[in-house]
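Here's the structure, in structure tokens; my notes come after.
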Amino acid sequence: MSSTLLEQTRSNHEEVERLERLVVEDLQKEPPSSKDRLVQGHRVRHMIESIMLTTEKLVETYEDKDGAWDDEIAALGGQTATGTNVFSEFYDRLKEIREYHKRHPSGRLVDANEDYEARLKEEPIIAFSGEEGNGRYLDLHDMYNQYINSKFGERVEYSAYLDVFSQPEKIPRKLKLSRQYMKYMEALLEYLVYFFQRTEPLQDLDRILSKVCSDFEEQYADGIVEGLDNELIPSQHTVIDLDYYSTVEELVDVGPEKLKEALGALGLKVGGTPQQRAERLFLTKHTPLEKLDKKHFARPPHNGKQNGDAKSTHESENAKEIALTEAKVKKLCNLLDETIERTKQNIVKKQSLTYEEMEGEREGEEANTELESDDEDGLIYNPLKLPIGWDGKPIPYWLYKLHGLGQEFKCEICGNYSYWGRRAFERHFKEWRHQHGMRCLGIPNTKNFNEITSIEEAKELWKRIQERQGVNKWRPELEEEYEDREGNIYNKKTYSDLQRQGLI
């Protein structure tokens, strides 16, 4: 309502204090899921940005570059051009307030607490692609396509690209000094920065990259930047030493690529057959470059030194810019190391799944996300009826399919108990429940009865085993009984042996 500078300053201080308390209150709450944690981070980030903007206004007010603050203090003291009159200043401000309410008679009083409470319930919109999985994985498919379709890249699988994209030092230096490579590195850096800002909203990325730039400048000044040589134009004596070659034929054996590099270093034409290249290079053995015919040069040798110096300076600047971009990319890759590793594992896992399994996995992840966001006293959201793991959450869908946990096996011997998955079914034959059921049937729990779950089948098999072993056959030498004078009972075989020995 009041437009005085003093009131605006007081209001700004109050807003900063309220926002600071809101940040503390929000951070004291433990988010139930990773998605909620991400939303909380962006919400706090927005409040911190509001604090910074308001603080900048306060700094400008206290700097008082336009003298408005001194004028405000003087006005509060009633100092005017005609003298000091405190009451006149008071009534002028009172009149201003009354006129404001006359112009806005139905103005609604806005409760500051309601506005700040609404900030705590704010849910910022965070855009992620389907491949990024709410910030769990990187989506580098665009960068991958640029890499495999470029001169500096190789035709590798996407999973292999995830191993090499963070190692630009492995790319030959001569392939980096191209506009294509520069555009690729800039696009890669732009994506990593954007992804980092979305997944780590509370990190001060500007300070991190500023530190990378300062460290790079120090290393560049000392000449220790990895993969960067300050001398971009190679010397003619370091490419091919012509003193070792007496004929053109010997020079041809060096190879067309080395001949091309040597000619390019000297500013000569690099085209033609290997024989023509060797002849052109061999001319420089006994003839200085200044005396060579102009037709041998790729560009006119006129003012060649100045052009060469300008080209060298331009290439040096490009190489420095590329090296700085590489340093930023490597720093971000170090910060996102866990995400990169998680992306590799996800890609390898997807390669072993069918489309239906991937869809089921995606639905399972969505179910788990909603489960995490439920209140502690809420019901477990498990639409796919997945088994509950050790952490109280449904297991991943791919693990569910791997172990065949959708197959039900019932065992009548165990009291019609259900076993889910082939592995659990095979293991239960040695467990206490099945062993107890076999003892109740009077049947030994041997390997012969594995895969037998019906009581009738178990009894029939036991009967056949007994018949095969001759258990039910009459054996008089073992089952016929004899009694001696003292009333001792023996079977026929034992009684006959004792009688032959004269003991009975």
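Positions of Cβ are set from backbone N, Cα and C atoms, glycine also.
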Worksheet item: Among the residues Ser312, Ser373, which does Swiss-Prot list with the feature phosphoserine?
Response: Ser373
Response to the item:
Matching 153-184, 217-248, 409-440 to Swiss-Prot annotations, zinc finger lands on 409-440
Discussion item. Please list the DSSP helix, strand and coil residue counts for the zinc finger (409-440).
Written reply: 18 helix, 7 strand, 7 coil
